[in-house]
């Protein structure tokens, strides 16, 4: 009798699945799965300890593994309602006695345990519509209300179905991760080669892409009532950006670590006695058999767990609740070691290739000399990328308390991330204010000092020089969001309301200030902020904040998926386009418009080894030396006019060693020397007479041409450009307005004070600047006539230096 009761009970469940399958879909094998049965009323007299049902429409087989308990002792009737995306599509009233299910006519109290297979009639199988097999992550469920013969409400159960088709795909996860990684790798490589404009653009766009991916995951971590399956599945594609990646052996290590450090690891993924619905987080009191899960919808017990928020994401990724924090922290540390190891190995390879003569000595010179500073800057940039991940997981660990050791690690990561970002922000503001005090432009030191640029450039190169401080606003915005997600998991409605307000304020601020380095980058980040605000608005419906019908939330779930999938595709294609332009372009800087903040005017060119001369300068000096040698050979004809020839001969004697050591390619060949001998004019006296006449009109050459600075070379014999007018600076900083005054004034290098020597001294305690003489690009000539006298920078600890 007990067996027949269980058998008929399973048949009832099979009927419910078939009714719901009218709006469901199957994968290629056309499989329908139901793994969770939850109660939808308090004190329900029918509940499930474990529930696993699989229906195969090809052979009409229904495999079920049930462990249920009931307290009903009467004749019962079932009111079955099937919902698709919140719309009721099927309603059926079933008298269990009329369908000859004797074990339900009447039902007696007890446990129901069965594992069996039943074949369903083709009448029900043929009712499944064809469109049901084409939609991924379909949102369908069945609600069964059980009453007795006097219409007394006895029990309510709700069953959620899955079809095996989903938009959460391994290929999508790898594609998004690889493209974002390519963007960061290219920006790092271009920075090493000195292509600053291209590197700044690709770095800014890739960082914005990372922050957008993380924002999608953050909004999906909110403790809302129920996330539509299509929206939850898309968020799973981007969970890798938060370090939540499942590796089986690592999960075993984390479980052992939590247990060995005083915690109790969870085993929900391997448990065979529990049913899990990945929608809501699990809380229940051990002394109560049934606990309310929401205001008016679902309930669970000690054997039926309902996850949502961070736990839901972890469960969907195959990570135990007590291993979520350990997983995120571990992948962050491992990726950091890989980054540092890559830079160190690359440096060793470059040094080895240089010593073996495989590459020229001038190649990667800046990287070889400042690789330690580049390594520090790369690690700071990496911590900046992982700031969202570290703060959210650390704050959430304080509420979960997996084990004392994990709590200590969370404290250390909070101090690490927040401390380093505060230090980078403070140093950036310090250097910018000192630059404004000295040169009336924050870009002078932020981009002119290689020490500052390599170490703290990640903090401000994405933004216009006048908005160097914007990352402080961005990090504060991220920090507040982390507080909401980490500490407010107990109240999803509180989270979504404050999250929407916060996103809205940031959206208005970024439109008002437009802080990024150029217009296209500003437009892209404004669009990202727009999508983020819309996502926050949609999750307000998922939290039942407005008490609307679930059909509204289901439609919003599809809007969330379509909008974010399309926008992610556009961003990924843009990064790939940038990568293609850089890989197939000889000069990637020409592909991008320079930022309108004069940063290129202050950035130094790629450093050269000591004792070498730029190729163009060496060619000019070689040509000047050849002319001087020709005149020296004709000195017998010009004995009365030695002024100019002495100057040129001295220039040749001083130039020849430097030219030879700087570039062997510039040395004249033997055939060129022979041709130069036979190419002299026949009337040599006439040529020397002409030279004698023109000599007084020429400028007096300095005695040491090789020691000429770039400024002296550029002004030697310079003439004003006819008809040339300078336009106003787009940055409105007043640096270009005094171009005419520069032509008549003395050539003063604003970055070098002969009375003070080096501008900055890293060995001193006055701010940690690097000792160097700044060289400014004279082709831009945008600084203007600095009327203010240079003064010694205040000390690092001097009063009032900020």
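Using N, Cα and C of the backbone, Cβ positions are placed for all residues, glycine too.
Here's what Swiss-Prot has on this protein:
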TOPO_DOM  29-169  topological domain 'Lumenal'
CARBOHYD  149  N-linked glycosylation site
TOPO_DOM  191-200  topological domain 'Cytoplasmic'
TOPO_DOM  222-229  topological domain 'Lumenal'
TOPO_DOM  251-255  topological domain 'Cytoplasmic'
TOPO_DOM  279-323  topological domain 'Lumenal'
CARBOHYD  321  N-linked glycosylation site
TOPO_DOM  345-377  topological domain 'Cytoplasmic'
TOPO_DOM  399-405  topological domain 'Lumenal'
TOPO_DOM  427-467  topological domain 'Cytoplasmic'
TOPO_DOM  489-495  topological domain 'Lumenal'
TOPO_DOM  517-525  topological domain 'Cytoplasmic'
TOPO_DOM  547-557  topological domain 'Lumenal'
CARBOHYD  547  N-linked glycosylation site
TOPO_DOM  579-802  topological domain 'Cytoplasmic'
MOD_RES   616  phosphoserine
REGION    629-802  region 'Disordered'
MOD_RES   635  phosphoserine
MOD_RES   779  phosphoserine
MOD_RES   782  phosphoserine
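Of the recorded residues, residue 547 (N-linked glycosylation site) and residue 149 (N-linked glycosylation site) place their C-alpha atoms 33 Å from one another.
Note: residue 321 (N-linked glycosylation site) has non-local neighbours 266, 268, 311, 314, 315, 400, i.e. same-chain residues 6+ apart with C-beta under 8 A of its own C-beta. Below 8 angstroms of C-beta separation, residues 222-225, 281, 308-310, 396, 399, 543-545 of the same chain, each at least six residues beyond the ends of the topological domain 'Lumenal' (489-495), sit close to that stretch. Helix, strand and coil residue tallies for the topological domain 'Cytoplasmic' (517-525), in that order: 7 helix, 0 strand, 2 coil [DSSP]. Minimal Cβ crowding within 10 Å, among the glycosylation sites 149, 547, is found at 547. Counting same-chain residues at least six beyond the ends of the topological domain 'Cytoplasmic' (517-525), those with a Cβ under 8 angstroms from any Cβ of the stretch are 200-201, 204-205, 208, 461-464, 510, 571, 574, 593, 595-597.
Mean model confidence of the topological domain 'Lumenal' (29-169) amounts to 79 (pLDDT, 0 to 100 scale).
Proximity of distant same-chain residues to the topological domain 'Lumenal' (222-229), defined by a Cβ-Cβ separation under 8 Å and at least 6 residues beyond the stretch ends, is recorded for 137-139, 162, 166, 235, 279-281, 294, 297, 308-309, 312, 485, 488-492, 495-496, 499, 539, 542-544, 550, 553-554, 556-558, 560. Outside the topological domain 'Lumenal' (399-405), and at least 6 residues removed from its termini, the chain residues within Cβ reach (under 8 Å) are 257-259, 261-263, 265, 321-322, 325-326, 486-487, 489. Residues of the same chain lying 6 or more positions beyond the ends of the topological domain 'Cytoplasmic' (251-255) and with a Cβ under 8 Å from any Cβ of it are 265, 318-320, 322-323, 326-327, 330. Counting residue by residue with DSSP, the topological domain 'Lumenal' (222-229) contains 1 helix, 0 strand, 7 coil.
Residue counts for the topological domain 'Lumenal' (399-405) by DSSP state, with H, G and I taken as helix and E and B as strand, are 4 helix, 0 strand, 3 coil.
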